[in-house]
């Protein structure tokens with residue numbers, strides 16, 4: 001198969017950027033050239049150069065906002081963003097454009113269609129955002145991380161994630177060897193989650209039966225805040241870190257995860273086969289995190305608590321119930337793995353090749 005150039009448009013948060021990087025790695029392993037279209041201000045401005053990818057940095061701002069001035073300026077801002085994206089596509093001449101989300105993907109998708117470049121859309125969340133609902137009408141192929149997120153034309157391929165997570169032992173094998181205190185992995189994301197910092201230590205300290213082992217990823221911004229909360233709760237043995245480099249190892253270690261329900265987190269939980277208590281971000285756009293969590297709960301792999309539930313003390317009883325029964329946790333882990341899409345990265349890469357070759 002001849003070498004093709006694939007442009008990946010994604011930016012802003014890890015939920016868009018890291019799946020894009022997974023696909024980029026797969027395409028490069030197959031000998032193709034990949035160029036990234038994003039903004040320097042987003043997460044991609046740091047991690048894309050570190051991955052050794054060529055990039056076009058676009059001066060594009062978000063399109064959502066409130067107020068008459070913002071609404072009145074929208075046509076001009078969108079037109080300028082599409083023009084900037086179009087210039088980048090003329091320079092790079094990609095054979096196919098893959099939109100992976102974030103506000104950069106909208107203008108790039110429009111520019112791709114105006115330039116006659118084949119367009120593939122990938123929607124990571126169970127509830128599609130406004131941009132992808134529009135771009136789905138223009139895409140040559142429409143891919144989703146969850147079933148039925150973009151209607152009848154869409155193909156459920158799953159969310160591309162880090163390969164090592166798929167290679168973990170089965171939940172039954174992992175839990176069969178477990179002894180001692182339960183192990184809780186708390187994921188607050190790169191920005192931290194203040195609600196988890198506050199309420200998880202309180203809940204763990206109240207369940208009794210000895211202290212659990214805790215690994216809490218709190219992000220740089222709320223690191224000291226989280227450490228303080230564990231100290232107040234008397235859980236001095238909790239390990240609170242800004243970032244976890246080896247996520248596969250962390251999932252393999254954990255009995256239970258407490259986390260927000262971003263698309264990437266939910267996909268990794270399914271692939272790893274780890275049960276979870278999910279607390280959707282209350283102000284997530286289109287409330288997509290609630291939809292993500294409900295999908296994993298429907299499979300019997302997770303429990304969902306809303307943030308007000310944490311404030312009312314509901315987390316402690318749920319943790320006590322789950323952490324006291326490793327057999328049940330193993331069953332939930334198997335249920336999680338049962339809905340995983342382990343071939344998502346390769347499938348998206350293959351679809352890029354199919355579209356690029358016409």
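Every residue, even glycine, has its Cβ placed from backbone N, Cα and C.
Going by Swiss-Prot, these are the annotated features:
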- 13, 14, 15, 125, 162, 190, 244, 263, 264, 265, 266, 267, 268, 289: UDP-N-acetyl-alpha-D-glucosamine binding site (BINDING)
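Within the same chain, the residues at least 6 positions away from residue 268 (UDP-N-acetyl-alpha-D-glucosamine binding site) whose Cβ sits under 8 Å from its Cβ are 161, 162, 165, 247, 251, listed in sequence order. Every protein chain considered, the tally of other Cβ atoms within 10 Å of the Cβ of residue 162 (UDP-N-acetyl-alpha-D-glucosamine binding site) stands at 19. With every protein chain in view, the residue among the binding-site residues 244, 264, 266 whose Cβ has the most Cβ partners within 10 Å turns out to be 266. All protein chains shown were included, and the count of other CB atoms within 10 Å of the CB of residue 13 (UDP-N-acetyl-alpha-D-glucosamine binding site) stands at 20.
Sequence-distant neighbours of residue 15 (UDP-N-acetyl-alpha-D-glucosamine binding site) (same chain, six or more apart, CB under 8 Å from its CB) are 101, 124, 125, 262, 263, 264, listed in sequence order. In the three-state DSSP scheme, residue 13 (UDP-N-acetyl-alpha-D-glucosamine binding site) falls into the coil class.
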